[in-house]
């Protein structure tokens, strides 16, 4: 049905009751002659059209104002430009995050397993593990550090804590408990120009163990000489023994100069490690032939030390097989052990640092040549003959490296440690790989010590609670309530017996029980009294709570006693 709009209210009243066409003219009043009559036949039938490009003719009855309005209900050109182009997500906190074409349903990431609590009752197994253990050895040995490492560390601890009873050595102002480290009676003054002695001592202020190197019968003529040691405090390198202080003293019965350095227990000089005591003609009785890989390791480490020293505008000056110490024979770790001494001793005869650095390269080459040819550096008179001897055993690359170190540069050209390190870069990376493997092994041992440390603290708490005589006047404190369950757990963990009553020493069982208790596992355990008349089924989580409560009572009583 077509619909026509009208602006005249009178006409709308006539439309209310349409009349037949034949009677319309007869019933029209003369006063309404000027008003157009309603003629339904004149109204054109409405035909919908979806051609937006066509121009529609205004229908009969529309005004000129409506015909002038250019509105097309099927066109969205003007409407589309005003719509927002950024999608809106009513559930998002930050609508700016939906920019750059982000959709309402972004791509889902792969499902990730929820983070589970750390299983402290399981022992750590990462890191390098020995593969030559027998099956019956794996149960116990895997829980502790390797035997050779344990023995080495134990010996070093024993050496660090060694004392000398009835010692005649003096007690210095800041250092005490001196123990001589160099027990040879034949002293060679060719290095420093004075007889030197090495002692282990303990610092009074800090309690740390240090190494004291004493120059006998040295008289300080210039106070600025000893101040040069301050420059060496800035040298921090893994291949240089750290120098802390220097002072003069008369406590030894003479005027002595003492240098304070780090102490590395059970260290050997390269001469002691690879060369025995000197025999006839300045030759050394070689203990074991030195492999070329070991020599390259020494070369890389000495070069790394010189890189740090030369970078601070200093010179090592003392590179000798008797002053370079081997601190770890398994990893071939070496350190320059006598730096800064010649700077004080030869302070009056000061020389340019650049000249001293060039001498470092020559002394460096003499050390490698002496180790390769089994000859002390002071007896390397025939350099060409020693080079020829070296070339018969080792590679051409090693020979060329030693020749580069021993050959002085023509002025004004000078050698540089950076140039040398670029030449040995391949061997430096090999040494780096060895160091990284050693670090991985040490971290694996450290993880084992971490587990043992946690369980040791747990055993301390159990030992403080179990079989306690009394607490706060209660002689049965450790036998009642939650403490009784801890006593039964102690028997279950450490006092198990077999059918014949013989003790069962199962280390795996002990460690597993302690680990579950420390972690507070939900696992149940059956605890039985010694007379087998009483049994309790509790979880490790409940035992952990009881342990914390009982130990808290001990701490509270201890604090109250201190307050009184």
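Cβ coordinates are placed from backbone N, Cα and C, and glycine is handled just like the others.
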Tell me which range among 1-38, 39-76 TrEMBL lists as region 'Disordered'. 1-38
According to TrEMBL, coiled coil applies to one of these ranges: 426-464, 465-503, 504-542. Which one is it? 426-464
With an 8 Å cut-off on Cβ-Cβ distance and a minimum sequence separation of at least 6, pull the same-chain contacts of residue 265 (ATP binding site), or say none. 155, 156, 157, 159, 160, 209
If you count, for each of the binding-site residues 267, 269, the other Cβ atoms lying within 10 Å of its Cβ, which residue has the minimum? 269
Determine how many residues of the domain 'Pan3 C-terminal knob' (417-554) DSSP places in helix, in strand and in coil. 92 helix, 14 strand, 32 coil
Limited to the region 'Knob domain' (465-564), I'd like the whole-number average of pLDDT. 85
Can you check which residues sit near residue 263 (ATP binding site), meaning Cβ under 8 Å from its Cβ, same chain, 6 or more apart in sequence, and list them in order? 160, 200, 209, 210, 211
